[in-house]
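Engineer: Take this structure, written in structure tokens, and hold onto it; I'll ask about it next.
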Amino acid sequence: MAKVFSFILVTTALTMGREISALEDCAQEQMRLRAQVRLLETRVKQQQVKIKQLLQENEVQFLDKGDENTVIDLGSKRQYADCSEIFNDGYKLSGFYKIKPLQSPAEFSVYCDMSDGGGWTVIQRRSDGSENFNRGWKDYENGFGNFVQKHGEYWLGNKNLHFLTTQEDYTLKIDLADFEKNSRYAQYKNFKVGDEKNFYELNIGEYSGTAGDSLAGNFHPEVQWWASHQRMKFSTWDRDHDNYEGNCAEEDQSGWWFNRCHSANLNGVYYSGPYTAKTDNGIVWYTWHGWWYSLKSVVMKIRPNDFIPNVI
């Protein structure tokens, strides 16, 4: 009887040992499977991010060569008042988009600079002299230029500037570069352009930056009365609203907010750096390079004063 009992104990012990071993193996297998699941979940999340990026890029019908289908098509999701709204809706790729400011009767194309903090609506660009900026009132009112190429030159249009800057308070940032690979910027709070009845009058607020305050003419008190562009009306060769006995726009071959005549003219004639001419009609920012140096590139862009980027 004792032998039988011993045999049963041994058999039971062996059986329990095998079951414990099997349970341990099962636990290890479960841990291995959980680790694999976590790894797969991580990979799925990474793929989801990549898919989202690809889908957004897939929406882009943007050809650097200048095809007419260069506007990033966001479909009929919503209408955007400016580029800051597009940026905060998750579109972080710079390029041409359609916007419709609140008072604008129709949408129009504009280049959105999604770098430099994002959400910048580009209102003017000079890059290579390929576009003629010596134009009349209607052209400057409606806008003109290359709205298809990434670095194309254009003026967004005074009507559009008015529609944009009346919907809220905007900051104007001007990026400048010379032919010696140097760059500067000027920034103005509360940039606003009046309506047609007020001849698209310019209003600017507080300055900050590295290029000097050429728009307000604050570089010397004795010249501010004729050099400042603050509250100046827009002028073109065929619509003269400056404070000069002649016609600044005609002499300087561009449309601008001339006084008598300027300490800044970013729509001037494109020269390669230092130049000589009958008048100081180059692309001028006096407080950086004076009147007789024409800049290589200019970007004028605006964004709401209270813009807070959506990082998601």
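Keep in mind that glycine also has a Cβ here, set from the backbone N, Cα and C atoms.
Summarising the annotation, Swiss-Prot assigns signal peptide to 1-22. Residues or ranges marked as coiled coil by Swiss-Prot on the basis of sequence analysis: 23-61. If you look up Swiss-Prot, you'll see 74-306 marked as domain 'Fibrinogen C-terminal'. The annotation disulfide bond is assigned in Swiss-Prot to CYS83-CYS112, CYS248-CYS261 on the grounds of sequence analysis.
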Engineer: Between the Cα atoms of CYS112 (disulfide bond) and CYS261 (disulfide bond), find the distance and write it as a whole number of Å.
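Structural biologist: CYS112 (disulfide bond) and CYS261 (disulfide bond) have their Cα atoms 31 Å apart.
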Engineer: Counting across all protein chains shown, how many other Cβ atoms sit within 10 Å of the Cβ of CYS261 (disulfide bond)?
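Structural biologist: The answer is 24.
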Engineer: In three-state terms from DSSP, label CYS261 (disulfide bond) for me.
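Structural biologist: Note: CYS261 (disulfide bond) is coil by DSSP, not helix or strand.
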Engineer: Give me the long-range Cβ neighbours of CYS248 (disulfide bond): same chain, 6+ apart, Cβ under 8 Å, in sequence order.
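Structural biologist: Residues satisfying the criterion: SER235, ASP240, ASP242, TRP256, PHE258, ASN259, ARG260, CYS261, HIS262.
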Engineer: Write out the long-range same-chain contacts of CYS83 (disulfide bond), meaning residues 6 or more apart in sequence whose Cβ is under 8 Å from its Cβ.
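Structural biologist: Listed in sequence order, they are TYR97, ILE99, VAL110, CYS112, ASP113, MET114, GLY119, TRP120, THR121, VAL122, ARG303.
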